[in-house]
Amino acid sequence: MEAQDEKAQTSRPLDPKCLTSTTSAPQLLKSELPTEELMGKGQKFDTLPSYIWSDEDNDETTSNDEPKDEAPPDRPSWANKIEYLLAQVGFSVGLSTIWRFPYLCFHNGGGTFLIVYIFMLFLVGVPLLFLEMAAGQRMRQGSIGVWKVISPWIGGVGYTSFMVCCIVGLYYSVLMAWSLFYLVQSFQSPLPWAFCPLLRNSSTFDPECARTTSTTYFWYRHVLKATDEIEIGGLPVEHLSVSLFVTWLIICISIIKGPKSSGKMLYVSVLLPYFILFCLLIRSLMLEGAKFGLDSLLAAQVPALYSVEVWRRTGNQIFLSMGHGFGSFTAISSYIPRSNNCVLDAFVVALLNLTASLTAMVFVFAIMGHLATKNNDKCYLKNVETVMNLIVTGVLPPEARPPDSLYYDPSSIYSEWFKNLPEQVKSMILPHLSNCNLSEQLKEVMEGPGVAFVAFTDIISLFSGSNFWAIIIFVLLANLGLSTMIGIMQGIITPLQDIFTSLRKHTKLLTVGICVPMFLGSLIFVRPSGSYYMNLLDDYWASLPLFFIVMLENVAMAWIYGARRFLADLIIMLGRPISPIFRWLWSFLSPFVLIVLFINTLIHLSLKSITYLAWDSSISNEVIRTYPSWAKVLLVIFIVIAILPVPAYFLYTLVDVAFPVSMIHSKGTIIFKPEAKKNSLNPRSRLQVRQNQKKANKMDK
């Protein structure tokens, strides 16, 4: 009896191949004891998964003879490697790359921000990008299936990524709808935002527009039909609803046949923006004042290196710009053969994203330098006009009169003229002049407007042939939005097809079935106050769930599944060595950075009031308002909805694994037996309790 008990308690090592297959971990590790050994007459059995009691080393590696099986026969794949890379790059390069990156660079130390960004990109961003790509490529599943394989205890991470894709897809599609609306308006001559409209039956301009710029007025009053506060509702704006419908129609057509159809669309939606960016870069460098803008960019502010806020904003930009946590990288990678070199792909995607960011940054700074120079010239001319009026009224002597050539080249002649004035005249003039400072003009330009679309319409007005450049820029923005939306939709469709495999035969029906409700949900954001809800989600909601997702992904892969084991899987899968530096980055640096960013973001949301940029029609200006208390409650609800699948699935796994165990009391033996599964492994359970009441009673006697 003792020998039999000892034999029953000895556990056989598990086959490593089963630990890295695409079957869920609970199913792989559940075992059963041979019934012929334990079953006796009148004995009752209950089930208990034996892996609860297992302490197998996380560093166990895969077998060297594991086959590199390709995709299942019914699983689609990318036509070639180029389409696959275009899908990854298209998803990672979005509108935040074009506008938010230069804006953050200017307000967070200039060149210092750039140094910090590149440092964090290659030490944190690339390893985590490689992790998501490799997981999808190895497991051949979307985000939901992958993390169930890695560890069922955090299987909810995939559902959280799915929820984030759904919510972000709702409001991100509106950005593309705005671009399409501006694109259609760009075919009018003159451009509708170039001048203020006239009042009906009058020759005077609309006073609300006259108090601001025509581009700002067009944005808030014509495009958005914005309300003054978020509390004021209204029905969806008609022209934006039409643009949104066309947007979802284009998205649906692009992905209706899976990777085969979206891959062809990506040749246009990804390559065209890079070509347009290059053309815009060349054109911007030819403008007056571009050198001043670039000098401001390269001026590094050393104290910014020690600012926690700069590092927090840099981390936010990396994850929001690259697209970690959405599950889209994982989904896109699941359609590529396992032998694909995902290490190289991660670096290629990161470098192309960085190239787009730097190109956009140089373009924006050159344009803003030109705009600041123009505004500074206007300031000079305004001062000249003031001086001329003072001379006419006799306040200033005639020798203070500026030369006529100043009107043709104010930036160079104004300073020379003022410098040559007698000191007495200077002292008389100074109280009446505005301070024309080029650096201050650049700061003012970069601080407003806060909306990228208004900024781009301002930029277009600087170019000759403005209609042509308007079409070019809004084609750029529309294509960036389309390629990102294709990636987001992959993060929604792929997990659904992995869970419900029958849907792979009905891809067209599934695509339409997702796009229709997504379009209907997006209508919320084209209401007159819809842009304020978009700001609430984009500025305050998105970063927290994404940090939470990536943090759990990192911990699950590095510490639960095992970084060493995962690297061993990849070495076998790729057939080439991988630097062990990734193991240390996954295990130590990345988790530390992610935890710090997550806590910092949580504190930032908790302690600081959340605000939005609103339009005040009474003064015709953008004003900062505080979100009402119900909007904060709404924000918390969205955060809970996104994160809830993680603890919910954890409890589900706990109930499924631990609580089915019950002790059946009988006159016979009470035995805990691992749950029996077909074709399951057969290691001995470490827990086996035997109590024979009859025998015990006899021994007592």
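Yeah, the Cβs are placed from backbone N, Cα and C, and that goes for glycine too.
All TrEMBL annotations are machine predictions without curation.
Given the ranges 84-102, 217-235, 407-425, the record in TrEMBL names 84-102 as transmembrane segment.
Away from its own ends, the transmembrane segment (509-528) comes close to residues 166, 169-171, 173-174, 177, 224-227, 232-237, 240-241, 244-245, 248, 251-252, 255-256, 489, 492-493, 496-497, 503, 534 of its chain (Cβ-Cβ under 8 Å, at least six residues beyond either end). Cβ-based neighbour count (10 Å, all protein chains) for Val93 (Na(+) binding site) stands at 29. Highest Cβ pair count under 8 Å relative to the transmembrane segment (540-563), across stretches 84-102, 240-258, 265-286, 468-488, 633-655: 633-655. The transmembrane segment (84-102) and the transmembrane segment (240-258) are not in contact, since fewer than 3 Cβ pairs between them lie under 8 Å (pairs 6 or more apart in sequence). Those residues of the chain, other than Gly90, Val93, Ser321, Asn353, Leu480, with a C-beta within 8 angstroms of the mean position of the Na(+) site C-beta atoms are Val89, Phe91, Ser92, Gly94, Thr97, Gly323, Ala356, Ser483, Thr484. The highest tally of CB pairs under 8 A with the transmembrane segment (156-184), across 114-135, 240-258, 265-286, 468-488, is held by 468-488. Only residues 6 or more beyond the boundaries of the transmembrane segment (633-655), in the same chain, are considered here, and those with a CB under 8 A from a CB of the stretch are 26, 152-157, 159-160, 163-164, 167, 536-537, 540-541, 544-545, 548, 552, 610, 627. Taking residue pairs at least 6 apart in sequence, the transmembrane segment (265-286) and the transmembrane segment (584-607) share fewer than three C-beta contacts under 8 angstroms.
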